[in-house]
Amino acid sequence: MKNNYISTCIVYLMAALLLISVISIKECTADISDYGDPCSDDLKDYCIHGDCFFLKELNQPACRCYTGYYGSRCEHIDHN
């Protein structure tokens, strides 16, 4: 009985890890306009490796990073 329980747990764990892997490789396809308006010209270089948009509700700029980059201003490269 104990071995059966362990086998069942392993199967569920493997399925969960596979699901996480599939979800993590899916690329975001949302339009930047879904997040806010494009940044003004004075903020055009705010995002180092990404697109800048302005969040009206927070009254601040934000970035949508290009694939392979992350950080609040897309300043870090993902080496994985």
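Using N, Cα and C of the backbone, Cβ positions are placed for all residues, glycine too.
All protein chains included, CYS52 (disulfide bond) registers 20 other Cβ atoms within 10 Å of its own Cβ. Secondary structure at CYS52 (disulfide bond), taken from DSSP and collapsed to helix, strand or coil, is strand. Under the heading disulfide bond, Swiss-Prot lists CYS39-CYS52 (among others).
Residues annotated as disulfide bond in Swiss-Prot: CYS47-CYS63 (among others). The number of other CB atoms found within 10 A of the CB of CYS47 (disulfide bond), across every protein chain shown, is 23. In the three-state DSSP assignment, the secondary structure recorded for CYS47 (disulfide bond) is coil.
In sequence order, CYS47, HIS49, GLY50, GLY71, CYS74 make up the list of same-chain residues 6 or more apart from CYS65 (disulfide bond) whose Cβ falls under 8 Å from its Cβ. Swiss-Prot lists CYS65-CYS74 (among others) with the feature disulfide bond.
On the 0 to 100 pLDDT scale, the domain 'EGF-like' (35-75) averages 94 in this prediction. The domain 'EGF-like' annotation in Swiss-Prot covers 35-75.
The signal peptide feature in Swiss-Prot is assigned to 1-30.
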Among CYS39, CYS63, CYS74, which are disulfide-bonded residues, the residue with the most C-beta atoms within 10 angstroms of its C-beta: CYS63
C-alpha spacing of CYS63 (disulfide bond) relative to CYS52 (disulfide bond), in angstrom: 5
For CYS74 (disulfide bond): DSSP state (helix, strand, coil): coil
